[in-house]
Amino acid sequence: MTMLLDGGPQFPTLGVGGFGTARHHEMSNRDAGMGLNPFTEPSHAAAFKLSPASHDLSSSQSSAFTPQASGYANSLGHHAGQVPSYGGAAFNSTRDFLFRNRNSGIADSTSAGGQHGLFASHGPPGIGEPPGHLIFPGLHEQSSSHTSSNGHVVNGQMHLGLRGDIFGRPDPYRAVPSPRTDHYAAAQFHNYNHMNMSMNVAAHHGPGAFFRYMRQPIKQELSCKWLEESPMNRPQKTCDRTFSSMHELVTHMTMEHVGGPEQTNHICYWEECPRGGKSFKAKYKLVNHIRVHTGEKPFPCPFPGCGKIFARSENLKIHKRTHTGEKPFKCEFEGCDRRFANSSDRKKHMHVHTSDKPYICKVCDKSYTHPSSLRKHMKVHESQGSDSSPAASSGYESATPPAMVSANSEEPSKNSSATHQTNNSSHNTGLLPPNFNEWYV
């Protein structure tokens, strides 16, 4: 909760003293006897119809407030524009007792050359307060704030150190400047600690530096490349409608092109689709296929820190087994206790038991039971091709083995002869025991 004490209208008869900004005008004996704040405009008292009038006040009432008035009068003569503390004055009224106690903690902490009251202006005499009181009066430079043990004053506002710190409005009699100034650059967000507003705006940033976090993300345009029906002998045209989000594109595809349950022809008409107009047996298969073109992946991994997303729910189900450790597919070969997370891995493993080697090298015709073993083998050919000639660098594309090329060459080099010996040893695998290190077990 925040206490906001504003320098507004004065109510001397109600026991509330004046706390407005110091103003330079003469103070008559009538005002001093009445106990009015010397910094209050005379029109304020008339506007509130304060009674009794000054000529009806008794001498006892006038003497009760005389010490307070004299205190203000002395301050005007010595420190114009500043309000001193109530030191040395007796407790002549309830008002003096309340507000002198509150003021004592602040007045004692200030220097003797520049004493300040509760709501006095803080600055050299004759210099107005800095402008910039447009929206947030608390967003000002730190040099204009005054701290103390009980609280601090910011630009004519008393700020008590309570929970939920918020600054109130500025002096109601101050003119509001039109342009924004650089006070937003030195925003004192550290005063909002109790509101969990953990903003750390540096004082050296330019005006509106914190608005960089409010930038809108760059819009990406997703276009529909679905081929629309056209009359005979006319080329088909694409839809070419653009959308700002994937959700809008998918909704458009579902409603306009894929169709509802009444649609019986499940064909993908996306531009340059490799299926070539081949129909799907079910609508959900067409929907899954369209995600290949649109790039939609609506199934994210729920495990924290993973961040992977998938286009099909089946792939997500298989992926989650890597987190859970589940392996429901057991090897069907008797005596083998290997288990796998998906059926495709189990199928690849079964080639070990059946002696099937469907993965054949196109360079040396060597076969393997698992594609990973073939990939390891192809690295040998790639290294040999880089040493001998660039023609044999790609084993998948070369039709002639490097051994035959090196054997038929008229001027073989040392590298080609070494390649010839290596490949001859690989062709004589029938005479040597099989290399079990390359098997996928």
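Counting starts with 1 at the first residue shown.
Cβ from N, Cα, C; glycine included.
Fair warning: this is a prediction, and the values are worked out from it, not measured in the lab.
Per-class residue totals from DSSP over the zinc finger (222-257), listed helix then strand then coil: 12 helix, 7 strand, 17 coil. What Swiss-Prot lists as zinc finger is 222-257 (among others), and the listing cites sequence analysis.
Positions annotated as zinc finger by Swiss-Prot: 266-293 (among others). In terms of DSSP helix, strand and coil, the zinc finger (266-293) has 11 helix, 3 strand, 14 coil.
If you look up Swiss-Prot, you'll see 299-323 (among others) marked as zinc finger. Secondary structure of the zinc finger (299-323) per DSSP, as helix, strand and coil residue counts: 11 helix, 4 strand, 10 coil.
The zinc finger annotation in Swiss-Prot covers 329-353 (among others).
Annotation comment: Swiss-Prot describes 359-381 (among others) as zinc finger, evidence class sequence analysis. Within the zinc finger (359-381), the DSSP-based counts of helix, strand and coil residues read 11 helix, 4 strand, 8 coil.
As annotated by Swiss-Prot, region 'Disordered' applies to 375-441.
The annotation compositional bias 'Low complexity' is assigned in Swiss-Prot to 383-399.
Annotated compositional bias 'Polar residues' per Swiss-Prot: 406-429, in sequence order.
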May I ask for the residues of the chain that lie six or more residues beyond the zinc finger (299-323) and have a Cβ under 8 Å from a Cβ within it? 288, 291-292, 341-342
Using DSSP, how many residues in the zinc finger (329-353) fall into helix, strand and coil? 11 helix, 4 strand, 10 coil
For the zinc finger (266-293), give me same-chain residues lying six or more residues beyond its boundaries with a C-beta closer than 8 angstroms to one of its C-beta atoms, as numbers and ranges. 225-228, 238, 253-254, 257-258, 311-312
